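The block underneath contains the structure these notes are about, expressed in C-alpha cells.
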Amino acid sequence: MTEFVDCDSDIELFEMSAEKSEKALLVNTTDRDKISYSSADDSVNVGNEPGHRKVVLNKQKEKTKLSGFLLLLSFFAAIGGFLFGYDTGVVSGAMLLLKTNFDLSSFSEEVIVSVTIGSAAVFSICSGVLNEYLGRKLTIIIGSFVFTAGAIVLAVAQNIAMLISGRAILGIGIGIASMTVPTYIAECAPSELRGRLVTINNLFITGGQFIASVLDGAFSYDKTNAEEYIIVRVIKTPSVRRALILGSFLQIFQQLSGINTVMYYSATIIQMTGIRSQSTAIWLAAVTAFVNFIFTLVGVWLVDKIGRRKLILSSLAGVLFSLVVLAVGFQVTALNSPPVTTFESSSNNSKCFQYRSCESCTESLQCGFCYIEKNTYSAENGSCLPYTDPSMSSEGRCNSTKLQINLVWAENYCPSPYSILGLIGLIIYLMAFAPGMGPMPWTINSEIYPLWARSTCTAISTSFNWIFNLTVSLSFLTLTEQITKYGTYWLFVGIVIIGFIIIYATLPETKGKKLEEVQALFEKGWCSDSQYDQLKNCNETTIDAN
C-alpha cells in the first residue's frame, strides 16, 4: 500500500535522521515512525524496484510524550515572556505613584509609557540580526542582561530622564524576548507539542502582568514613604552607604580568603598534598573541622574582650600566613615531584607521554602516575599513563590486568615528604579564620546599620557572601588545574592582602558602643580609629564617599 509524507511536516527528507536524533533528547516516544518504500507505479512488481522511489511515513503518528527536560527548557526560556509581561504591566499602577513623586505632566507620562513600546518595536527587528549571528540561546541571555540593566536604572531613578532611560532599556529587552523566545521554543518542540509549548510563553506574559499588578497594589499602601523605603534611600544616605560597602566587603573577603574551598574540599586538598590513603585524608579532614569548631568558641570568648577590629585584623593576618604556608608547601612539592623515568611503549601515542614529572602528569585530567613505592613519601620507576577509570590506568603497568602488588596508581596526588606542610597550613588557616573572619562579618553587619535599613542592607551583604561562595566553590578545582595548586593559593594570598588593606582603612571599632553610636561612626566619612569617643577625632582620616 502506498503511503505519502504528511505535507504538514516541516521535516525535510535529508534532515530526517538529524531531527530524530535531536528529538530523542527532548521527548520520549512510544513508537518510532515506520518508513516504508513502494513503487510509484502500481504496474511494477515490488521485486523489480524502479530507480525512482517515494519515501513515505506511516500514517500512524508517533505518540509524543512531554519530557521533563523539554518542559524545563520551555519554562526557563519563557522567563523572557514573564519579564515582557511584568515590565509592560507594572507601569499601569506605578504611574499613579510616579506622577506624584516626580510631578509628571501628561506628556511625560505618555513618553514614559510609549518609549518602551517604541524601543521594543525597533529592537524586535534588530534581534533578527542577533539571532542570525549569535543564535537563539545567546540572544536570550543578552536580553536577560538588558532586562537587568533596565531594572537597575529604574530602581535608582531620581528624575524623569532616568525613568525614560530605564523604560527605553526595558523596551530593548522586550523587543529581543518577544521575537526570540517563541521562536526558540518552537524550534525545540516536536510538532505535536509545539502549540502547547509556545503558548507557555503567552501564559508567562499574562502571568507577569498579573504579578506586576499585585505588586503595584502591595506598594500602594506605602505612598508617603515609597521613595524613602526602597533601596534608593540607602544609596542616598552617605552613612548607610558607607556601612553597606564595608559590610559587603567583609562578606566578600570572608569568601575570597578561601574558607569554603577548605571546608568543601578539605579531604581533596589533604590528598593533593601527597596523602595516599583516602581514609587517612578523610579523617584528617575531620580533624581540621574539629579545629574550626574549637576556635570558633575561642572567637565567642575574644569578641568582647579585644574587640571586633583587632580580632578580624589579627584573623586576616593569620589567614595570610597560613595561605603562604599552603602555597609554599604545594610549590615545594611540585618542584620536588617524582620524575617520570619509565616510558612504556604502549603510551607513546598518548598525551600522557609528554609529561616528565608526577606533578605535571596528575594535573592532566587524562593521566595518572604509576610508580613503585620506595617508602611512604617517595617513588621510583614512575610512568605517566592514561586512564578512563580513576582507580587504574587504561594501559601499561597499572592496568587491572597487569597491576602488580608493588605498584601504586596515583590519579590526583604525588607522593611527597612535604605533605605535612599542607596539613599544617590547613590547621593554621582554620585556627586563624574561625575566631575572626568566620563570625565577625556577621556580627559587624548586624550592628552597623540603622533600624530602617538593617534588613535590606543585611540582605544585600549576605547575598554577596553567597554569590562569592558560589564563585569560589565553582572555580577552585578548575583553578588548581589551570594555574596549578600553588598558583591558586598565591592568588588567595594576593586577595587577602587587598582585603586586609581595605578593612584596616575602613573598619572602626564597635565594641562597647550602642547601636546608635555605631551608626554615627559612618556619618562623617570612613574612620578606622578604634579608640576615639568623638567623631571629630577621626576627621583627619576621613575619605568623602559622596
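Any Cβ shown, glycine's included, is placed from N, Cα and C.
Summarising the annotation, TrEMBL assigns domain 'Major facilitator superfamily (MFS) profile' to 73-511.
Taken from TrEMBL, the feature transmembrane segment applies to 69-91 (among others). Long-range contacts of the transmembrane segment (69-91) within the same chain, counting only residues at least 6 positions beyond its ends with a Cβ under 8 Å from a Cβ of the stretch, are 25-27, 112-113, 116, 140, 143-144, 147, 150, 167, 170, 173-174, 176-178, 180-182, 184-185, 188-189, 193, 197, 200-213, 215-216.
Annotation source TrEMBL lists transmembrane segment at 111-131 (among others).
Taken from TrEMBL, the feature transmembrane segment covers 138-162 (among others). Tertiary proximity for the transmembrane segment (138-162) is limited to same-chain residues at least six positions away from its ends with a CB under 8 Å from its CB atoms, namely 77, 79-80, 83, 87, 102, 104, 108, 112, 127, 130-131, 168-170, 172-173, 176-177, 180-181, 184, 230-232, 235.
Feature annotation from TrEMBL assigns transmembrane segment to 168-186 (among others). Same-chain neighbours of the transmembrane segment (168-186): 73-74, 77-78, 80-81, 83-84, 87-88, 115-128, 130-131, 136-137, 139-140, 142-144, 146-147, 149-151, 153-154, 194, 197-198, 200-201, counting only residues six or more beyond its ends whose CB sits under 8 Å from a CB of the stretch.
Taken from TrEMBL, the feature transmembrane segment covers 243-266 (among others).
The annotation transmembrane segment is assigned in TrEMBL to 281-304 (among others). Sequence-distant contacts of the transmembrane segment (281-304), counting only residues of its own chain at least 6 positions beyond either end whose CB sits under 8 Å from a CB of the stretch, comprise 262-263, 266-268, 270-271, 275, 311, 423, 426-427, 430-431, 433-436, 438-440, 443, 511-512.
Positions annotated as transmembrane segment by TrEMBL: 311-332 (among others). Sequence-distant neighbours of the transmembrane segment (311-332) (same chain, 6+ residues past either end, Cβ-Cβ under 8 Å): 250, 253, 257-258, 272-273, 299, 302-303, 418-419, 421-422, 424-426, 428-429, 431-433, 435-438, 440-441, 444, 484-486, 489-490, 492-493, 496-497, 499-500, 503-504, 507.
What TrEMBL lists as transmembrane segment is 418-437 (among others).
Feature annotation from TrEMBL assigns transmembrane segment to 449-468 (among others). Residues of the same chain lying 6 or more positions beyond the ends of the transmembrane segment (449-468) and with a Cβ under 8 Å from any Cβ of it are 231, 233-234, 237, 240, 243-244, 247-248, 250-252, 254-256, 441, 519.
Within its own chain, the transmembrane segment (488-507) has Cβ neighbours under 8 Å at 242, 245-246, 249-250, 252-253, 256-258, 308-309, 312-313, 316-317, 319-320, 323-324, 326-327, 330, 444, 476, 479-480, 526, 528, counting only residues six or more beyond its boundaries. Residues or ranges marked as transmembrane segment in TrEMBL: 488-507 (among others).
Cβ atoms under 8 Å from those of the transmembrane segment (243-266) belong to residues 234, 285, 288-289, 292, 312, 316, 319, 323, 426, 429-430, 433, 437-438, 440-441, 444-445, 448-449, 453, 457-458, 460-462, 464-465, 468-469, 471-473, 476-477, 489, 492, 495-496, 499, 502-503, 506-507, 519, 522, 545 of the same chain, restricted to positions at least 6 beyond its ends.
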